[in-house]
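Per Swiss-Prot, the features are:
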type	residues	note
SIGNAL	1-25	signal peptide
DISULFID	Cys32-Cys187	disulfide bond
CARBOHYD	Asn49	N-linked glycosylation site
DISULFID	Cys54-Cys58	disulfide bond
CARBOHYD	Asn63	N-linked glycosylation site
CARBOHYD	Asn108	N-linked glycosylation site
Amino acid sequence: MGARDCTPLLMLSFLLFPLGFPVLGAPARLICDSRVLERYILEAREAENATMGCAEGCSFNENITVPDTKVNFYAWKRMEVQQQALEVWQGLALLSEAILRGQALLANASQPCEALRLHVDKAVSGLRSLTSLLRALGAQKEAISLPDATPSAAPLRAFTVDALSKLFRIYSNFLRGKLTLYTGEACRRGDR
């Protein structure tokens, strides 16, 4: 076996060698890197700031239902993990519906602003990514495992907004509040 015959075998072994090592930053743990969530929070804040002074084209011709982002820290700490997961999962689903509805309303506006459309598109993409990351973390399984008969399983609190700036404020607050609290605790448990 000459040197040329060994080259393909050597190259193949170099390609397969890394497969024996655990992947750092695998998707299930990616949400545990604080920089990942901080990036989504920054995008949400930028969208919120961009729409704060906006009057023209930022109001909706209908109300959009969004999750309540207020957190009672005393109650949150005493909540079962499954209840926290359910609240975050339902809130994320409702927020995704709201952003998608806002996107549709913006697309149907007479003169949609391209910058606003870009922020909404980023929010849609960000929420899809966050949903995937939470699914990999096990939030959906924890939320589903909560028995329906549990008395602590209160319905998700929600209200309506009528402007893009309010929608982005809710988006930003949800990421900084309930989502950050849940992912922080889920990552600390380390059993994922």
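Backbone N, Cα and C define each Cβ position, glycine as well.
Take the glycosylation sites Asn49, Asn63, Asn108: by the count of other Cβ atoms within 10 Å of each Cβ, the lowest one is Asn108. Using CA atoms as reference points, the recorded positions Cys58, Asn63, Cys187 were checked against Asn108 (N-linked glycosylation site), and the closest is Cys58. Classification of Asn49 (N-linked glycosylation site) by DSSP places it within a helix.
When secondary structure is read from DSSP and collapsed to three states, Cys187 (disulfide bond) falls in the helix class. Look at the Cβ of each of the disulfide-bonded residues Cys58, Cys187 and count the other Cβ atoms within 10 Å; the largest number goes with Cys58. Comparing the Cα of Cys32 (disulfide bond) with the Cα of every entry in Asn49, Cys54, Cys58, Asn63, these being the recorded positions, the smallest distance points to Asn49.
Cα separation, Cys54 (disulfide bond) to Asn63 (N-linked glycosylation site), rounded: 17 Å. Taking the Cα atom of each, Asn63 (N-linked glycosylation site) and Cys187 (disulfide bond) are about 36 angstrom apart.
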